[in-house]
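Notes to accompany the following structure.
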Amino acid sequence: MTDLFGATWQTKLLYPVKATYDIMAIISSFGIAYRLAEKYRTIDPLTAGAVSLVAFIMTIPQNIMFTPPSGGPAEFVKGVLPMGQIGSQGLFVAILIALLSTEIYRFISNRNLVIRMPEGVPPAVAKSFLALVPGFCVLAVVLALRLLVEATPFGDINTMITDLVGIPMSHIGGSLPGMIVSVILIGILWTLGLHGDTIVLVFIRPVWLTNMSENLAAFQNGLPIPHIITQQFYDLWIAPGGTGALLGLVIFMLIRSRSVQMKQLGKIAAPGSLFNISEPMVFGIPLVMNPYLVVPFILTPVVLVIVSYTAMATGLVAPPAGIALPFTTPIIVSGYLATGGHVSGSILQIVNLAISLVMYYPFFRVWDNLKFREEQQANQAASTAPVEAVSERSTV
């Protein structure tokens, strides 16, 4: 590769990464505010997103400490944005600022504390005047926050949030006990009919994305991977077949089910389960409020977390290298790619699938037999009904 593309060919491959992950916080600050305003329907989403983005940029010190490659004295460079704070390191601040700015904007707008132009003014101009007072209030609040934080030892908002929130959250969300608690909560919420991933991961995902970004930086520089628990760890090793590691259950429904209903549902759910989509199973069986299958649905991911974490922590399996893969990537392929080309990642996925099969099998047998007996009783009732009807007519 070096002979074909030069000594810097690997650096050039990272251009898309730097154009996406390294501006993650900027995109989030705009996107979250936009969607939140869109949900409220009382304020303009585009304006709310723009105000949030400006407010977020205001929180970032526009200078960095630069050390020349030649080894000279370090000095401040002004008029620049630190890439770390507009990337994954600034994600917590971006989320908080997006929520805060949109709520302030909505509060001011809903109380008609705005400048309204006469009807003859073009709509685009009128909208810009409507945004003046709410936008000014948002920026005034954020400016006051920045000035207050600058008077503290933290120095800037990102450092304060990282020290007070980010570091504790990273210890919780990035630890084995935290991961176990997370998957238990996800499973319990799903069995209650709630989207457990959406509810739980809204708090944990920023930590996982930050860990993923740090893993990717280490992988690119040939350094040891610092984190095991990332978004890919959960998506690709803990949830084969989707939440609850349901791929094992789908396999049994296809090849061992006596119940016609279960076999048909297995055929319907198999394509989605192959790509780690579990909703057809969760709501089709259903797993919601199902006492027969709730135990393996909650406990199987816990076992997979412990096995996968132990395998990676002991060096038997390569940890996720921070390479972003969709959760829909099938197992074996995803394990190889997510670890940066290590077969051990795929082998662990096969082991996890085997564990899923073992965990679900006894509960599957009980549930399948129950549905099979129900079908037999229904068939017997249907077959005897015409005979009884004929005998009644002959008696008459």
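Each Cβ is built from the backbone N, Cα and C atoms, and glycine gets one as well.
Quick look at what TrEMBL lists:
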DOMAIN    1-363  domain 'PTS EIIC type-3'
TRANSMEM  13-34  transmembrane segment
TRANSMEM  46-66  transmembrane segment
TRANSMEM  86-108  transmembrane segment
TRANSMEM  129-149  transmembrane segment
TRANSMEM  179-204  transmembrane segment
TRANSMEM  236-255  transmembrane segment
TRANSMEM  289-309  transmembrane segment
TRANSMEM  316-337  transmembrane segment
TRANSMEM  343-363  transmembrane segment
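In this chain, the transmembrane segment (343-363) lies apart from the transmembrane segment (86-108): fewer than three C-beta pairs between them fall below 8 angstroms, excluding pairs fewer than 6 positions apart. Between the transmembrane segment (179-204) and the listed ranges 46-66, 86-108, 129-149, 289-309, 316-337, the one holding the most Cβ pairs under 8 Å is 289-309. Most Cβ pairs under 8 A with the transmembrane segment (129-149) among the ranges 13-34, 46-66, 86-108, 236-255, 316-337 are made by 46-66. With a threshold of 8 Å between CB atoms, the same-chain residues lying at least 6 positions outside the transmembrane segment (316-337) that come near it are 21, 212-219, 225, 227-228, 230, 232-233, 235-237, 239-240, 247, 274-277, 308, 343-350, 352-353. Taken as a whole, the domain 'PTS EIIC type-3' (1-363) shows an average pLDDT of 87 in this prediction.
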